[in-house]
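A.B. asks: Attaching a single structure in structure tokens format; questions to follow.
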Amino acid sequence: MRGSYLFTSESVSEGHPDKVCDRISDEIVDLFFSEGPKAGVDPWAIRAACETLATTNKVVIAGETRGPESVTKEKIESVVRAAIKDIGYEQDGFHWKTADIDILLHPQSADIAQGVDALQPGANKEEGAGDQGIMFGYACNETPDLMPAPIFYAHKILRLISEARHSGKEKVLGPDSKSQVTVQYENGKPVGVREIVVSHQHLIEDMSSDQVRERVEPYVREALPKAWVTDKTIWHINPTGKFFIGGPDGDAGLTGRKIIVDTYGGAAPHGGGAFSGKDPTKVDRSAAYAARYLAKNIVAAGLADRCTLQLAYAIGVARPLSIYIDTHGTGKAPEDTLERIVSEAMDLTPRGIRKHLDLNRPIYARTSSYGHFGRTPDNEGGFSWEKTDLAEVLKRAV
């Protein structure tokens, strides 16, 4: 790998049209997991695959679900409006109160269910994966959260601005925004920022790019290591000159279109499957979380400075078809040894992953913006895949 190079990653805010859709889809997943226990429905039996489209004053939700009858269209619509309100959309072209919401959800296909539901009373085999696919996990020691620096700081910039907007400190900024950070690497380590891009919606129509920069620059500087921003750093703030029309009114959104923002900012491979709107029987989501968990614990254990981990599954088959680890020349143990010990340390069947990471819970809406990885595990079970509780187990097993 080259020692000196530039690498760029982007992030988008919760008000970006695609992220609005991710949020809505994940709110519906959470609704099923919240309502299930109240109705006596086993959380292991809940299924949700929800896709959302959002455009000018219109939201369309389609997909397949299984769960309590208490999850009515009226309840779903209420959750959707609350999510849009929380994001902050009260503009003429997209308002939480007046947007037209179409809900087109129907039961999960019986052909899919027969493979996924194998672990029901009387069955003689394990619960299978909800689909075929490949999933990647990645970790590196560039940041405290063991994430690549470019995506870590791109998220942090927008998260700080969002917090200020929600607190009322930045009332002139709208919900829709994007960031991009170009990081300079020397000897394979991040040492500075070459270019910064922030495009941010503003609620006063005639605000100039310079006026927007006055608002956002303090948060950019707060997010980045102080020594990384110098007089040689190039800034691009609202480079088109105007960003007044934002959100789904300015650009239609869809669930699952920001998979690189959701993961590692392009610093690691991606299997192609999106996360939002999917319950954890879908290995696109749960196995990607498991892969991150294992890669992070390998790095946290000091067994590698960088780790890429791939899992592969087939629909209706419980065990992963393959486990692959690449430590990019930084490993302190042979990669085939690491592959063996991670498979011994964690049950990587869909059911095993759900149990180990406690995924049958309403924890998904919080993942829908600012990345699924590099986050702090919370007391409600969110981001359990970011724990490093397996590090000592792996270290002892080598």
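Backbone N, Cα and C define each Cβ position, glycine as well.
In case it's useful when we look at the structure, here is the feature table from Swiss-Prot:
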BINDING   His16, Asp176, Ser177, Lys178, Lys242, Phe243, Asp251, Arg257, Lys258, Ala274, Lys278  ATP binding site
BINDING   Asp18  Mg(2+) binding site
BINDING   Glu51  K(+) binding site
BINDING   Glu64, Gln108, Asp251, Lys282  L-methionine binding site
REGION    108-118  region 'Flexible loop'
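Walk me through where these features lie, including what they touch and how far apart they are.
C.D. replies: Annotation note: Asp251 (ATP binding site) sits in a coil segment as assigned by DSSP. Non-local neighbourhood of Asp251 (ATP binding site): Pro17, each in the same chain, at least six residues away, with C-beta under 8 Å from its C-beta.
When secondary structure is read from DSSP and collapsed to three states, Asp18 (Mg(2+) binding site) falls in the helix class. All chains included, 25 other C-beta atoms sit within 10 angstroms of the C-beta of Asp18 (Mg(2+) binding site).
Secondary structure at Glu51 (K(+) binding site), as computed by DSSP, is strand.
A 10 Å cutoff on Cβ-Cβ distances gives Lys282 (L-methionine binding site) a total of 24 other Cβ atoms nearby, all chains included.
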A.B. asks: If one looks at the chain holding Ser177 (ATP binding site), which residues at least 6 apart in sequence have a CB under 8 angstroms from its CB?
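C.D. replies: Expected: Val12, Ser13, Gly15, His16, Leu158, Ile161, Ser162, Val198, Ser199, His200, Gln201.
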A.B. asks: What mean pLDDT score does the region 'Flexible loop' (108-118) have in the model?
C.D. replies: 60
A.B. asks: Looking only at Glu51, Glu64, which of these binding-site residues has the biggest number of Cβ atoms within 10 Å around its Cβ?
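C.D. replies: Per the Cβ count within 10 Å, the most buried is Glu51.
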A.B. asks: Give me the non-local Cβ neighbours of Lys258 (ATP binding site): same chain, 6+ apart in sequence, Cβ-Cβ under 8 Å, ordered along the sequence.
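C.D. replies: Expected: Val12, His16, Asp18, Lys19, Asp22.
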A.B. asks: Counting across all protein chains shown, how many other Cβ atoms sit within 10 Å of the Cβ of Lys278 (ATP binding site)?
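C.D. replies: Taking every protein chain into account, the count is 27.
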A.B. asks: Within a 10 Å radius around the Cβ, which one of these binding-site residues has the most neighbouring Cβ atoms: His16, Lys242?
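C.D. replies: The residue with the densest Cβ neighbourhood is His16.
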